[in-house]
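Working notes, structure below.
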Amino acid sequence: MDMRTSCLCLINVILLAGTACGLQITSTGPTSIEKASGETVKLDCQFTLAADDSGPLDIEWSLQPSDNQKEEKVVIVYSGDRAFEHYYDPLKGRVHFNSPDPKNGDASMNIMGLKATDTGTYQCKVKKVPGIGSRKFLLTVMVRPSKPKCYAEGQTHAGKDMVLRCISAEGTQPLQYEWERTTGNKLLPPQAVLDPVGGTMSLRNATDAASGTYKCIAKNRVGREECMVEVNITQPPNNGGIIAAGVICTLLFLILLALLLFCCCRARNKKKYEKEISYEIREDVPAPKSRVSTARSFTSVGSQRSSLGSMSPSNMHEYTKSQYDKIPSDEYERPPSHAPIPPPSRMAGPNLSRMGAIPVMVPAQNRDGSIV
């Protein structure tokens, strides 16, 4: 009798406990989720109702603040058999319930087109009086590495040091970098030094064997990208030949410069000389006689004047005729020019005095030759 009573009491306790539990969240999936930006995530929130849960069904998703002093932000709500999905502006148009009728036991929420700013703690709260249940999720939205940029830095000559660099501008940390060789034996040179965090590969005392194509891989927990770089190790240039060529080019330049200056100076002097000659040459005035010839001619004129007094009109005519018919070829000096000498022109008295001539009075004559 005692045992039977004990069993009945135990059954009643179990039933009461089940009734007291009421509404329950039945989802058992992970509550910490990592997703890449641009993807879609489902926050699973399945529930069951108890027989005594007779009140209206309310479902609320909220973003929990990182600081306890801040208020939580409501994201989406189901109440009165209607869904309200426009509570939170940053997720507006990107969030909705997984089921078209959440009252059937599926309060899960989907977020599309994830962004890094969507990272946070989300809480699913289901309430049907007197039952209530909740579940929290930690969502981390990570950014995939952007396509990295690969390039070689330093001299690509044998015996020199060089560095291969790989940089991804975007991507959630921590980022890891790996280097691979895609040509030849596909083994990295033995002198290569790798930095998986900085994304560099140093080649010290590089040799021709290091030539080839290398691939860099940038990755994190949600994605990976890669780039390629070509390395061509060459022999160092002949510095002696370069120096000699430079010296020769400099000398040629100086010689050409000297020739140019010489030609310019010569042309300027020639132009100056021609200008001076043009000033000395006077085409309109004949070259004057020398002072010796002039004095001699006027001396003879003086002697002739002295003899004029003893001449009669008859012989005066013959003398005058004979004197004016002579051509004074010996008394005139030919000018230095080879051009023909123009006929002598009549010159004024002041000009003759300036040239050293002696004025002479010539007696006037009639037509018959007698002196007036």
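Glycine too: its Cβ is placed from the backbone N, Cα and C atoms.
Annotated signal peptide per TrEMBL: 1-22, in sequence order.
TrEMBL lists 23-140 (among others) with the feature domain 'Ig-like'.
Summarising the annotation, TrEMBL assigns domain 'Ig-like' to 145-234 (among others). On the 0 to 100 pLDDT scale, the model's mean across the domain 'Ig-like' (145-234) is 92.
The transmembrane segment annotation in TrEMBL covers 242-265.
Residues or ranges marked as region 'Disordered' in TrEMBL: 290-353.
Under the heading compositional bias 'Polar residues', TrEMBL lists 291-317.
Feature annotation from TrEMBL assigns compositional bias 'Basic and acidic residues' to 318-336.
Here the transmembrane segment (242-265) has no Cβ contact under 8 Å with any residue of the same chain six or more residues outside its ends. The DSSP breakdown of the domain 'Ig-like' (23-140), given as helix, strand and coil counts, is 9 helix, 57 strand, 52 coil.
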